[in-house]
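Asks: The topological domain 'Cytoplasmic' annotation in Swiss-Prot covers 1-6. Positions annotated as transmembrane segment by Swiss-Prot, on the basis of sequence analysis: 7-29. The topological domain 'Lumenal' annotation in Swiss-Prot covers 30-355 and is backed by a curator's inference. Swiss-Prot lists N30, N291 with the feature N-linked glycosylation site, giving sequence analysis as the kind of evidence. Annotated Ca(2+) binding site per Swiss-Prot: S119, E166, E235, E350, in sequence order, evidence recorded as similarity to another entry.
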Amino acid sequence: MTQESNSNFFNFLLFGFVTAIAFYSGTQFNKSSEQEEHINHANLYSVKKFDDGAKEYSIMLITDLDHDSKDGKKWKSLVSRGFLKVSADHKHADIHFDKDSEYYVDTNIAAGGRAMELSDLAVFNGKLYSIDDRTGLIYQISDKKALPWVLLNDGPGNVVKGFKGEWITVKDTELIVGGLGKEWTTTDGVYVNDHPMWVKHVSAHGAVHHENWKDVYIRVRRAAGIEYPGYMIHEAVQWSAIHRKWFFLPRRMSNEKYSEAEDENRGTNVLVIGNEELTDFEVVRVGSENNKSRGFAAFQFVPNTHHQLIVAIKSEEKDGKPVASYASVFDIHGNVILDEYLLHGPYKYEGIAFA
């Protein structure tokens, strides 16, 4: 057996092992759902207070390096750490990073020769999680390591392919993971299936429940005046326990059918806010400018602002390759506090968390 065959066989065994764990977790769903969930709501971030009332929070960002994630026999993702400072009146904000604190997390588990293309970050049950949009694996990020936790299958959960998870949020006692939120099509917009329109509810025990959100995503894009074959792509969705509302920052949208060649220039500056039942929506424009080559990739509510302030990440791609990423701060009414701040490196940052 060749060295490459050995490597592929090892990856297969690893993936099979994780799949078995995920299957076992799923069989425990009824048992765990009967038990009362006890969730650890501890924060993972540090906060520094200044004499003028300003506060500075520690933040973490994670990258999706796409093809560049391959590193020998492993796959990697870059983790960056920094700080967000917000004035006492919430009118000013500043971001800076500590390059010396950057590090990589890696894995041996891949699908189709790709892995560790991490999307979004979420603090859930006192731990920090991310999702690999290639394998469907949820990883716990801890001690500069990526620890496999739960495997998510695509669509309704009865297919072999891993779920292309793009956003993560926490609602009550569940971690909720969503996909692109549009119909899966060919590069020319020909319909294939609805698998990216499902969401996954994950309990603290790792039990998974699959829910079809097709009607939800249709209502979200319809609120912005988009009808099929027009589309809206989602990578940044959060539930607010304070407002009891859903917040969507679409990455791309268009009244035209999907085209891979055109999609890179269909970025948005739209915030869609929905009620808890996801039946009623309002649309907010963020700022007055919209560089359509940049699209939202992730966001979080800034702590101690009653979920009035948002810190968001936009990324820019050209011919399928990352060009740059930008951070901004604005309120839920669309007023910009910190305009798009260029982050260092030609990276596609896809996750941000206060940690």
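Every residue, even glycine, has its Cβ placed from backbone N, Cα and C.
These numbers come from a predicted model, not from an experiment.
Buried or exposed, and what's around them? Tell me for each listed feature.
Replies: Annotation note: S119 (Ca(2+) binding site) sits in a strand segment as assigned by DSSP.
Cβ contacts within 10 Å of N291 (N-linked glycosylation site), excluding its own Cβ and spanning all protein chains shown: 13.
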Asks: Write out, in the order they occur in the sequence, the residues of the chain not among S119, E166, E235, E350 that have a C-beta within 8 Å of the mean position of the C-beta atoms of the recorded Ca(2+) site.
Replies: D64, D120, D133, G165, W167, A236, A297, A298, G351
Asks: State which of the following binding-site residues has the fewest other Cβ atoms within 10 Å around its Cβ: E166, E235, E350.
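Replies: Checked E166, E235, E350; of these binding-site residues, fewest Cβ neighbours within 10 Å: E166.
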Asks: Across the topological domain 'Cytoplasmic' (1-6), what is the average pLDDT of the model, as a whole number?
Replies: 48
Asks: In Å, rounded, how far does the Cα of S119 (Ca(2+) binding site) sit from the Cα of N291 (N-linked glycosylation site)?
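Replies: Checking the Cα atoms of S119 (Ca(2+) binding site) and N291 (N-linked glycosylation site) gives a distance of 22 Å.
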Asks: Counting every protein chain present, what is the number of Cβ atoms, excluding its own, within 10 Å of the Cβ of S119 (Ca(2+) binding site)?
Replies: 27
